[in-house]
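As recorded in TrEMBL, the features of this protein are as follows:
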ACT_SITE  TYR69  active site, proton donor
BINDING   HIS132  substrate binding site
DOMAIN    30-306  domain 'NADP-dependent oxidoreductase'
SITE      LYS99  site 'Lowers pKa of active site Tyr'
Amino acid sequence: MAGGGVGASAAAAATIPEAALRSGKPMPLVGMGTASFPLDASQLPATVRDAVLRAIDAGYRHFDTAAAYGTEAPLGEAVLEAVRAGMVASRDDLYITSKLWISDTHPGRVLPALRRTLRNLQMVYIDLYLIHWPIRLRVEQETPSPVYDNDFVMMDMEGVWKDMEECQRLGLTKAIGVSNFTCKKLNTLLSFATIPPAANQVEINPYCRQNKLREFCKEKEIQLCAYSPLGASGTIWGSNAVLDCPVLKHIAVQKGKTVAQVCLRWLHEQGDCIIVKSFNERRMRENLEIFDWELTDADRQEISALPEFRGNRDFYVHESGPYKTTDEFWDGEITGPQLKTC
């Protein structure tokens with residue numbers, strides 16, 4: 001494996017800032033995502049395992065997975081190998097996030113789902129467990145999968161959250177949170193939560209800035225985490241709009257940085273945790289080179305003037321479901337049409 005050895009890996013990890021959450025250990029503010037769309041299922045385990053080992057070597061200590069990604073098992077195998085190889089002292093040196101899939105967002109199915117996740121990961125606990133989406137799939141899935149019919153029903157948010165709280169009380173996860181929740185849905189959750197959510201993972205990038213949600217989360221002490229920070233190019237919901245944006249390209253040239261680094265630096269300056277996904281070792285390392293320089297006020301103003309739209313917007317909108325329009329699902333927060341260029 002290429003890299004600078006254990007000392008270099010630890011030194012790189014030490015440069016990544018952390019955020020204290022409501023519970024559990026501090027969260028490294030850059031994490032590696034493991035979702036891949038599309039990827040040959042027969043190649044997925046080895047690809048993810050090797051990528052995670054390269055990422056640990058590069059300095060990553062925060063890894064994001066989900067039941068629906070099919071990457072929990074290879075992530076767990078990589079962690080075991082990293083410990084055996086002395087790349088990290090123990091699993092406790094890593095921050096592991098996973099997510100409850102929509103087929104299990106039902107009271108009574110949360111704890112069994114987390115136990116499956118732990119078996120997949122070969123771990124006794126994870127650091128953060130998130131409700132993946134605020135909706136439920138009517139039909140149970142033996143194996144969580146993003147492939148399903150449009151058979152959605154409203155999630156029993158209070159019942160599911162009580163089960164999430166029990167997962168934390170049992171020590172199976174050190175913190176609990178949500179993903180893809182709007183201000184309105186968070187308000188509903190906070191109205192009955194005994195343990196408030198520690199984090200909310202949502203789409204954030206220069207075209208989907210989430211200013212309203214960020215201010216709400218700061219007020220409620222909920223850490224905002226960004227997925228698709230570079231616009232999710234190559235996925236069915238993303239586009240090249242972020243990476244092809246002339247404004248971002250101009251800033252990158254002025255700074256001697258890549259467009260990706262400009263985007264990630266902008267997110268870091270907002271105080272967000274960044275979930276960035278690349279299995280390419282050079283880009284993995286470049287994505288960590290964002291902490292020793294800053295954007296100017298002029299740069300930030302140019303980014304704030306970009307139009308806003310949401311890429312990941314209508315997967316769970318259906319005429320027969322609880323959310324019949326995009327506005328209903330996202331409660332009117334950033335639902336503009338997707339753009340392809342600046």
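Every residue, even glycine, has its Cβ placed from backbone N, Cα and C.
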Cβ contacts within 10 Å for TYR69 (active site, proton donor), all chains included, total 25
For HIS132 (substrate binding site) and LYS99 (site 'Lowers pKa of active site Tyr'), the CA-to-CA distance in whole Å is 5
The mean pLDDT across the domain 'NADP-dependent oxidoreductase' (30-306) is 93
Of the recorded positions listed (LYS99, HIS132), the greatest number of other CB atoms within 10 A surrounds the CB of LYS99
Rounded Cα distance in angstrom between LYS99 (site 'Lowers pKa of active site Tyr') and TYR69 (active site, proton donor) is 9
